[in-house]
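Structure first, commentary second.
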């Protein structure tokens, strides 16, 4: 009786064998047949007992061929790739605006209208309007709406009070596109840091392609005409927009330097960004644009100083030593480049023809403002009032040729100074509205810079956005809007506005478009939280306040109510949904 009360040895060992057989089989699924023991080939642990008989171990699953293992691994990677692509799908309209700047503009005698990039920017604005209409809530915070919409006051006043309101209407549409609509659409499109980094790399990619075309133009003598030789690098923009490639390449350099300074030390992202910045320096030099050189140098210097005076000093010494070795020792750089650099110091004592024309047009714009100080002469009114206010030193136009185009006399339609252009055409009201908005972006962005540099979480975003804004504000001293590359200026202003105006209290949180759904494994106390929200997180106002289980990087942005980054059903401050 004592012997019969004891279970058989195989029966007693069954639970242990069953528990051990499952993980062993799961590890042996993709292993070779020779590496698996007799039990894995169906031998059993109790003298070949059949599966399902009392006391027999759980049989392992049949072996899977290696081809199936590879397909299984590919199947695991495919959803991740699709998820990554889906996360950036909302950026496609914005990235299309950047990519379409690679398409050469029209070069006929009547060219100068809209481009494919302009059409794409219109579609971007319409897409954002549809999203806002479907959400039925206010998409921007009060501060963002005021700063972004402030230029509308001066633009509408200048258009209504113009001598020819019908002629000012195209200028009103263009200015609204560049300074209001597209920047607002960019603010609504960007959701988090990764979106801004993606746009920055898109700018760098565009700059690399345009810069590569410019270097080929210089090397083969197929560029725009400069001092009688077709050596000026202009990319695909042509000789009628000599500042186009220089602007794009400068954007790429500033974005690359910002990403490099904000990336971790010795990371691949830092080395890649520094390499791109070094490559883009060549086409920037070959553009022969002194204004772009000065603006790029000042913007990069400001980025370096923001990250630390010691780093800025080391970078300045290294750049100076490299320039001395390349130019002084090895003789790198053509005589044209050296003469162009030297001419920067002679713009006051011995100005060339382009500088003389610029001074005359600056004086003409100031004269227009003195005649109508409040609202100016009206949008697109500078060409009509130029000759009555300019001195006799102003030439009749600039000569353009090369890059696939014949000789053409291009009229001088703007003073090549954005601030004076606004002052002459929109008056003091327009300058205060437009310049006040830019100043607000700069101040709000700089206010958030110390915290970003201290935490390091969004240092790259801060340096890129403020660097691009600083470059644009400096370049406006020597240039204004005009040409196919103008739409990229609107994108840059939108990127800067997103950094300066988007709420930073929970900016790394969940965005709209499906990312506000709670994932499996998150805590039961998460109320509308996104990935990374654990138990204990609770909704507060229009965001998610961290509880016991809120991991770093989780949260919900509450600035765009009902738009990107909001919790469905959250009630904004004030109690109104």
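Just so it is clear, glycine is given a Cβ too, placed from its N, Cα and C backbone atoms.
Quantities reported herein were computed from a predicted structural model and do not represent experimental measurements.
Per TrEMBL, the feature compositional bias 'Gly residues' maps to 40-50 (among others).
Look at TrEMBL and you will find 510-521 tagged as compositional bias 'Low complexity'.
Per TrEMBL, the feature compositional bias 'Gly residues' maps to 522-535 (among others).
Residues annotated as domain 'O-antigen ligase-related' in TrEMBL: 277-434. Mean model confidence for the domain 'O-antigen ligase-related' (277-434) is a pLDDT of 84.
Per TrEMBL, region 'Disordered' is recorded for 33-62 (among others).
Per TrEMBL, region 'Disordered' is recorded for 510-554 (among others).
Under 8 Å from some Cβ of the transmembrane segment (84-103) lie the Cβ atoms of residues 115-117, 120-121, 123-124, 127, 182, 185-186, 189, 191, 194-195, 198-199, 202-203, 206, 209-210, 236, 248, 484-485, 487-488, 491, 513, 515, 564, all in the same chain and six or more residues away from its ends. Residues or ranges marked as transmembrane segment by TrEMBL: 84-103 (among others).
Taken from TrEMBL, the feature transmembrane segment covers 115-133 (among others). Proximity of distant same-chain residues to the transmembrane segment (115-133), defined by a Cβ-Cβ separation under 8 Å and at least 6 residues beyond the stretch ends, is recorded for 93-94, 96-98, 100-101, 103, 105-106, 139, 177, 181-182, 184-186, 188-189, 484, 487-488, 490, 563.
Remote same-chain residues near the transmembrane segment (140-160) are listed as 168-169, 171-172, 175-176, 179-180, 183-184, 187-188, 375-376, 378-379, 422, 425-427, 429-434, 436-437, 440-441, 444, 497, 500-503, 559-560 (criterion: CB distance under 8 Å, separation of at least six residues from the stretch ends). The transmembrane segment feature in TrEMBL is assigned to 140-160 (among others).
According to TrEMBL, the transmembrane segment annotation covers 172-190 (among others).
Here TrEMBL flags 197-219 (among others) as transmembrane segment. Residues 88, 91, 94-95, 98-99, 101-102, 190, 230-237, 245, 248-249, 251-253, 255-256, 258-259, 273, 276, 279-280, 282-284, 286-287, 403, 460-461, 464, 488, 491, 495 of the same chain lie 6+ residues outside the transmembrane segment (197-219) yet bring a C-beta within less than 8 angstroms of a C-beta in it.
The transmembrane segment annotation in TrEMBL covers 242-262 (among others). Note on the transmembrane segment (242-262): residues 101, 197, 200-201, 203-204, 206-208, 210-211, 213-214, 224, 232-236, 269-270, 273-274, 276-277, 280-281, 283-284, 287, 289, 291-292, 295-296, 299-300, 303-304, 307, 311, 400, 456, 458-465, 467-468, 471, 475, 479, 483-485, 488-489, 492 of its chain, located 6 or more positions outside it, place their CB under 8 angstroms from a CB of the stretch.
Per TrEMBL, transmembrane segment is recorded for 269-286 (among others).
The transmembrane segment feature in TrEMBL is assigned to 315-337 (among others).
What TrEMBL records for 428-449 (among others) is transmembrane segment.
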